[in-house]
Amino acid sequence: MPKATSSTFRVQPTSAAARPKKGSDSSASVAGGAGGGGARNHLFDTARFGQHILTNPLVAQGIVDKANLKPTDIVLEVGPGTGNLTVRILAACRKVVAVEMDPRMAAEVQKRVLGKPEQKKLEVMIGDFVKADLPYFDVCISNTPYQISSPLVFKLLSHRPILRCAVLMFQREFALRLVAPAGTKLWGRLAANVQLYARVEHIMKVGKGNFRPPPQVESSVVRIMPRDPPPPVKFEEFDGLNRIIFSRMNKTIRAGFKAKGVAELAEKNYRTWCAEQGVIIEDGFDIREKIDTILLESGYADNRAAKMDVDDLLKLLAAFNVAGM
């Protein structure tokens, strides 16, 4: 992982970062959800970072309640914005580490607790969450900037030690793809990869009117509970299999492996494995025949990825692993 581009932030109450720009109306601050209407946020450049500030206090409190926080918890918050969620999280846990890309929003979060007991419980990191080295935390809560939805999920699932749970706001379509069961329209590679490592549940719908600026799409909140211990599966292998079969998920698994370039890559990987294991490859070896044999013996040759659940995918992966692929 690259070195963190984030840094711990401390703001003085009189700093320029903490003051509105000249000519702006401080009453328009989205921190409290007040101010004039309209889609554009005139105080903070939220569009630049893909952020939509959650302004409904009932929704914010509902998200915190769904995390089932303990007084001893350390909570990671991604994209705190102006702190509407942050102040509620601080009231329920021991410490909050907030990762924020926009320095001006980071300053606003600090202002929310300046001179209060909660100030000592808040640490703000400025920088790119995806590139940051994360500290220890028990729970993650996030009104997620939509463009980092997928990287955020997989970074949390790969974090060690394993977190207890994450309560995350996403674009509705992305959230429904996360929780989709096998055999449904939205089931796919994303759901399979996430559900291998965690239980995921949809817990709340959030309408456009609860944000400023309002997003163009509806949102949903999901709760992700990582499996502990995680399954003893190499993610790269599981995802590699899913890339092949979900690219043509309504066709048979056998047809998926006949796609252009799949056999060539499989043969390259197999020959590498044989060289490492000291296995001699016979003359006239045909990787396509080997793949077909594995699929037939596994019983999945004529199945379709759209109908296969995580257990089926693991069994298919195991069949290839046994054969050295």
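The backbone N, Cα and C atoms fix where each Cβ goes, glycine too.
Straight from TrEMBL, the features:
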{"type": "REGION", "residues": "1-35", "note": "region 'Disordered'"}
{"type": "COMPBIAS", "residues": "1-15", "note": "compositional bias 'Polar residues'"}
{"type": "BINDING", "residues": "His52, Leu54, Gly79, Glu100, Asp128, Asn143", "note": "S-adenosyl-L-methionine binding site"}
{"type": "DOMAIN", "residues": "59-228", "note": "domain 'Ribosomal RNA adenine methylase transferase N-terminal'"}
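When other Cβ atoms within 10 Å of the Cβ of His52 (S-adenosyl-L-methionine binding site) are tallied across all protein chains shown, the result is 26. The highest number of surrounding Cβ atoms within 10 Å, among the binding-site residues Glu100, Asp128, is found at Glu100.
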